[in-house]
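Asks: Submitted below is the structure of interest, expressed as structure tokens.
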Amino acid sequence: MSGKHHHYKGPEVSCCVKYFLFGFNIIFWLLGASFLAIGLWAWAEKGVLSNISSITDLGGFDPVWLFMVVGAVMFILGFAGCIGALRENTHLLKFFSVFLGLIFFLELTAGILAFVFKDWIKDQLNFFINNNVKAYRDDIDLQNLIDFAQEYWSCCGAHGPNDWNLNIYFNCTDMNPSRERCGVPFSCCVKDPAEDVLNTQCGYDVRLKMELDQQSFIYTKGCVGQFEKWLQDNLIVVAGIFVGVALLQIFGICLAQNLVSDIKAVKANW
């Protein structure tokens with residue numbers, strides 16, 4: 001009588017899910033490391049790393065913070081996802097999926113609150129821009145960010161050019177000795193296509209002119225209104241980006257939970 005051996009094949013960890021999640025997170029981790037490196041390099045260039053107390057000297061928003069925070073979150077999440085997938089560590093995988101789920105929930109909550117309290121958001125945006133107008137000369141990264149925003153959205157100040165009165169270099173008071181008195185930054189200037197070289201002095205004394213005359217030289221619309229208009233004009237693109245990011249997050253959570261279930265099933269079969 002010949003005996004036949006039947007081998008029972010138990011549950012297995014899906015290699016596809018495991019290595020797909022690993023690849024998904026290695027990109028995340030590398031991007032996070034890059035953002036952190038850029039942030040630290042920018043801080044080193046500004047001397048912040050040698051004098052940490054200088055952080056509190058900034059009156060406005062430092063764009064480097066954005067790189068640091070985003071980079072740190074992506075680095076931690078990517079690391080947890082990579083090691084969790086590679087080592088089949090359920091604790092790290094659970095941390096990854098819970099943290100990613102929390103970020104998704106916060107983004108969703110922020111989106112709903114932004115829609116419900118849009119007038120309050122508008123006021124806060126106005127307050128934020130004006131605060132940064134005051135600190136325009138305090139930090140080169142902030143200066144570049146404001147210049148980029150004003151050039152990109154063809155605007156000047158939060159509600160108009162007169163918001164630059166908040167800055168000590170551009171205000172129109174008689175006591176102001178600055179050559180930039182009653183002027184605006186060059187990023188407020190209407191660009192002349194015939195000019196090859198950027199005229200950084202194009203905003204000098206421009207606010208001494210009548211408002212109608214100013215329109216020939218500078219943008220007279222505020223950045224808050226222009227930003228709102230840009231959002232309305234690009235609503236589909238903006239919504240598409242948010243939906244795409246949300247789907248990526250949900251996809252990552254599903255992969256992690258699937259892998260956790262596989263690992264638990266294998267361990268239960270031991």
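Yeah, the Cβs are placed from backbone N, Cα and C, and that goes for glycine too.
Look at TrEMBL and you will find 20-44, 64-86, 98-117, 235-260 tagged as transmembrane segment. What TrEMBL lists as disulfide bond is CYS155-CYS188, CYS156-CYS172.
Quick one: where do these features end up spatially?
Replies: Beyond its flanks by at least six residues, the transmembrane segment (20-44) meets 64-65, 67-68, 70-82, 85-86, 96, 141, 252, 255-256, 259 of its own chain at Cβ-Cβ distances under 8 Å.
Packing against the transmembrane segment (64-86) from elsewhere in the chain are residues 18-19, 21-22, 24-40, 42-43, 46, 48, 92-93, 95-96, 99-100, 103, 141, 252, 256, 259: each is 6 or more residues past its ends and has a CB under 8 Å from a CB in it.
Same-chain neighbours of the transmembrane segment (98-117): 73, 76-77, 80, 242, 245-246, 249-250, 252-253, 256, counting only residues six or more beyond its ends whose CB sits under 8 Å from a CB of the stretch.
Close to CYS155 (disulfide bond) in the fold, though at least 6 residues off in sequence, lie ALA149, CYS188, TYR219, LYS221, GLY222, CYS223, GLY225, GLN226, PHE227, each with a CB less than 8 Å from its CB.
CYS172 (disulfide bond) has a Cβ environment of 14 other Cβ atoms inside 10 Å.
Note on the transmembrane segment (235-260): residues 13-14, 17-18, 20-21, 24-25, 81, 84-85, 88, 90, 93-94, 96-97, 100-101, 103-104, 107-108, 111 of its chain, located 6 or more positions outside it, place their CB under 8 angstroms from a CB of the stretch.
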Asks: State the count of C-beta atoms found within 10 angstroms of the C-beta of CYS156 (disulfide bond), not counting that atom itself.
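Replies: For CYS156 (disulfide bond), the 10 Å Cβ neighbour count is 29.
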